[in-house]
Amino acid sequence: MTQANNTVYTDLSVDELVKEALQRGEGVLADTGALVVETGHRTGRSPADRFIVEEPSTQDAIAWGPINRKFPADKFDALWDRVEAFNNAQDHFVSYVHVGAAAEHYLPVKMTTQTAWQNLFGRCLFINPEQFNPAGRDQWQVLNVANFECVPERDGTNSDGCVIINFAAKKVLIAGMRYAGEMKKAMFSVQNFLLPAADVLPMHCAANIGEEGDVTLFFGLSGTGKTTLSADESRYLIGDDEHGWGEGVVFNMEGGCYAKCIDLSEKNEPVIWKAIKHGAVLENVVLDGNKHADYADVSLTQNSRAAYPLEHVAKRAEANLGGEPNAVIFLTCDLTGVLPPVSILNNEQAAYHFLSGYTALVGSTEMGSGGGIKSTFSTCFGAPFFPRPAGEYAELLIKRINAFGSKVYLVNTGWTGGGYGVGKRFSIPTTRGVIAAIQSGALVGTETEHLDIINLDVPKAVPGVETELLNPRNTWADKAAYDEAAKGLAKLFTENFKKFEVSDAIKAAGPQL
């Protein structure tokens, strides 16, 4: 299709998109065949530039505030028209994709991008259906125009870039953003608003499935280990980041993975390593003179990324879905060295820690957070992506856990033997040992020890894991220092939890001073 002197490229193949990106100077090829691109001054998401249009059909259901910022409908319409006109005056790329692998819950999406590489990214991360929109549902539109510069005084934006979701119009506008993660997270936010109305819990988690059909969920913020731990050569990958949990099913919302690349190694992450080949996209990864990726080089960002389709993963779940989860794992990266490598949670503790979402920002995906590491609380282990009040998601989680009988665990992938700078981080093999024990069922009904201040129950033995690591107090040389650190962490938890209106039983399930 041609408009004026420009071409609209529709549903190009991976090979064609790579060719277009190279011809247009958008990136270069690594020695593996992956397309390598740079995203400019934004190398992570920009939460301050994300808005939701305020309109009658959804305004009373959204938890408005610093995360879900209001945007006027008339300003949105004007800006959409402006960006669309800018995009229509030049070559651009259109693909028709789905978000949501379950037949009952997919969204059909027309994805329009100014650049070939961002279209390739979308083809990696979204689902490329054999038949587009077989149920004939209303279509969503994503318009992603990287080189458009917003003018805040004219457009009502916060800066030269924006991500704006309009539920009534079924539109997502992304302007001035080269960091492609904005596109996937915008559609994640859309599903996170829509799915609870269908009694489906949307989740910021990874998922995999064992040979016997047992499913494990891995909740966690960026950098806590979702992608790494779910990419297990002994299990089938469902997905690494975005899922829905409904009656009888856990389904991936995506068709690909978006892995952090910092210090990536073939030894520790063989599944991810092998997936980075022709058709994959490397964002902000530095190449050496031989076009070989240097994953230790953080000169562009600590948030370097690899986007690849699930087809690049040898062991993957058929149809990107599985049954309900036997094990639900909350991954937390504890900077204080106070939390144990694994705790067994009851339902009230599960609700408490799901609402708290305690972890650390590690090589954060958000702009402005810098390279430093700091503790944070992110409700539902993904606060930036959940438009509804947090309690609605927590109620759905407990409903699903109760109905299926899932077991819930808190797994610390952070520090032990002291806090950050003193202790050491749990090794990936140690954490994999914990995960393997959980998945084998070895921790169900096992003998536990109660840790008073942090109010957690830890197993006395975990197959394949050193026993002295299980009670964190034992790993500290200075026991009094551990007790003080535990009290400090408990105070952080209780201060953060004051904002939640929940039952006394859930309040009592957290750390106690």
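From the backbone N, Cα and C atoms, a Cβ is placed for every residue, glycine too.
Just one of Thr416, Thr430, Thr431 is listed by Swiss-Prot for the same ATP site as Lys185, His204, Gly220, Leu221, Ser222, Gly223, Thr224, Gly225, Lys226, Thr227, Thr228, Glu269, Arg305, and that one is Thr431. If you compare every pair of Cα atoms in Arg45, Tyr179, Lys185, Arg305, the residues listed for substrate, the longest distance is 14 angstrom. The binding-site residues recorded for this entry are Tyr179, Asp241, Arg305, and the Cα of Asp241 lies nearest to that of Thr224 (ATP binding site). In sequence order, Asp241 are the binding-site residues from Arg45, Lys185, Asp241, Arg305 with a C-alpha within 10 Å of the C-alpha of Ser222 (ATP binding site).
Ser222 (ATP binding site) has a Cβ environment of 26 other Cβ atoms inside 10 Å. Under the DSSP three-state reduction, Lys226 (ATP binding site) is assigned to helix.
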